[in-house]
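A.B. asks: The following block contains the structure, expressed as structure tokens.
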Amino acid sequence: MRFYAVGLNHECTSLEQTETFALSAEEQEALYANLSLSADAEVVVLSTCNRTEAYLYGTEADLRQVKALIGQGGGTRWPEETAFQERDEAAVRHLLQVTSGLRSVVLGERQIFAQVKAAYERAVDAGGIHSVMHRLFHTAFRAAKRVSSETGLGRGAASVSTAAVEMARQDLSEAGGEGLRNTEIVLVGAGKMGRLALEALADESLASLTVVNRSPDRAREVASPFGGDTEPWADRHRAVATADLALVATGASDPVLHAPALPAPDEATLVVDVAMPRNVDPAVDERPGYRLYDLDDLEAWTAEVRERRADAVPEAESICEELLEDFVTWVFHQQALQPAIQAIRSTFDTIREQEVDRHAHRTGMDREEVDRLTESIMQKLLAVPIVRLKNVDPESIDFVQGIELLHALFAPSDESDAGRSLAEAPDADTPDLGEAPSRCPYMTHDPGGDGTETEEVQKALRLSAAHQAASHSEEVRGG
């Protein structure tokens, strides 16, 4: 079992190829439904306007299956020659940097955080992830929050949409106008990217603002807070022809603006397509009176933004490296713990089953009822020790010695002399994690690292204390 990050993005391939493999929310759900990964494998698929990537904890066979299914979604085979692939620490580093905006077209943009979070939540709903990926993605979220609050990486244009507005402002100014002042603007699409664009335009003195969407109600909902009007979807080509600037960002998988359908513009019209896949027929750029920019043009324009923010990159990367180290330490911690925890549970369960076999017939209870009762008792007795064990500092000498002692005490006799050293962790560059650890129900999803116990731990401790008090009371009455 290894960590993998694979995919296509603006760093390794062209916009045309990336959009071929773009997956809608429905296509991602279908991909999860069609996956048949090995036991304990976990995967999250991310598809945005600039990247389609998969983050996997699994085997090479699992990886081949994920790539094949993404390829099927694009109607072709997986492009091994242009796609990127990272594994283990490099894969974890890639996810942390993507989530923090370090790998975005607009360096430091914050929209990617919401997109990664949505991808994570979609995978959770599909049952695609368990303890390891839960921990990994919440580590990525912590990295993004710290980079945003502790560095200057996100200053200025904060998303693809806002960068598109800034690029349009510069283009219109260079064309002899007043930038965005007194312009007539049409927004085609009323999704998240469109709303972000309107927010970037909120303080501008526009001549007019019109929103066009397939759903008239949705168009009114988006336009109303900004004092905008709406036009029917069927009139979108005419609306664009009357505008100084058209921003296009729908969720369609095919172009929604077609060159032959566009009337000659009243004046020069700038069309900015920020959708993936592209929503505007490339032939629009050849029509007299129209200028078309897409994500490739935006990437070139944002090179200046990246240069201005370059000073913040080392600090942001340092934060990612710090949290990467924390995550790898946690993985090794879980890997070292797992044999000891399994040995403890196995020993207790063997004793439980032996005693049930000996005494179940005396209770008058059904065997299944006795099994459930004794299993519940065993889990409650082990809850606090196991939670305490998982909270021990993995870098302490006591941790290593304690784990070896526990394994020696509880390992089956045929394993006790196997000479296995739990103090030996895998090499940090190749964290081959073996079997994934079972999810600990007492671990918070976003641990703060402040040493405080979760509500579940406190509940387990209260139950243990109550049990001890009851036992003491019985002893007092009996004495």
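Heads up, the Cβ atoms here are built off N, Cα and C, so glycines get one too.
As annotated by Swiss-Prot, active site, nucleophile applies to C49. The feature substrate binding site is assigned by Swiss-Prot to T48, C49, N50, R51, S104, E109, R110, Q111, Q115. If you look up Swiss-Prot, you'll see G189, A190, G191, K192, M193, G194 marked as NADP(+) binding site, on the strength of sequence analysis. The region 'Disordered' annotation in Swiss-Prot covers 417-455. The site 'Important for activity' annotation in Swiss-Prot covers H94.
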A.B. asks: Report the residues of the chain - excluding T48, C49, N50, R51, S104, E109, R110, Q111, Q115 - with C-beta within 8 Å of the mean position of the site's C-beta atoms, for the recorded substrate site, in sequence order.
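C.D. replies: Neighbours found: G101, V105, V106, I112, S159, V160.
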A.B. asks: Using the recorded NADP(+) site (G189, A190, G191, K192, M193, G194) as reference, state which further residues of the same chain have their Cβ within 8 Å of the centre of those residues' Cβ atoms, listed in sequence order.
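C.D. replies: Other same-chain residues with Cβ inside the cutoff are L187, R195, L196, A197, V222, A249, T250, G251.
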A.B. asks: Out of R110, K192, which of these binding-site residues shows the lowest number of other CB atoms within 10 Å of its CB?
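C.D. replies: So among R110, K192, the binding-site residues given, the one with the fewest Cβ atoms within 10 Å is K192.
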A.B. asks: Among the binding-site residues T48, N50, S104, Q115, which residue has the fewest other Cβ atoms within 10 Å of its own Cβ?
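C.D. replies: Output over binding-site residues T48, N50, S104, Q115: least Cβ neighbours within 10 Å is Q115.
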A.B. asks: Using DSSP reduced to three states, classify R110 (substrate binding site) as helix, strand or coil.
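C.D. replies: In the DSSP reduction, R110 (substrate binding site) maps to coil.
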A.B. asks: Once the chains shown are all counted, how many other Cβ atoms turn up within 10 Å of the Cβ of C49 (active site, nucleophile)?
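C.D. replies: Excluding its own Cβ, the number within 10 Å is 24.
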A.B. asks: Roughly how many angstrom lie between the C-alpha atoms of K192 (NADP(+) binding site) and H94 (site 'Important for activity')?
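C.D. replies: Cα-Cα, rounded: 25 Å.
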A.B. asks: Please work out the number of neighbouring Cβ atoms within 10 Å of the Cβ of M193 (NADP(+) binding site), leaving out its own Cβ.
C.D. replies: 25
A.B. asks: Under 8 Å between C-beta atoms and at least six apart in sequence, can you list the same-chain neighbours of G191 (NADP(+) binding site), or say none if there are none?
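C.D. replies: Sequence-distant Cβ neighbours: A249, T250, G251.
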A.B. asks: Among all the protein chains here, how many other CB atoms are within 10 A of the CB of G194 (NADP(+) binding site)?
C.D. replies: 25
A.B. asks: Measure the Cβ-based neighbour count of G189 (NADP(+) binding site), defined as the other Cβ atoms within 10 Å of its Cβ.
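C.D. replies: I get 27 for this one.
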A.B. asks: Within 10 Å of the Cβ of A190 (NADP(+) binding site), how many other Cβ atoms can be counted across all chains shown?
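C.D. replies: For A190 (NADP(+) binding site), the count of other Cβ atoms within 10 Å is 25.
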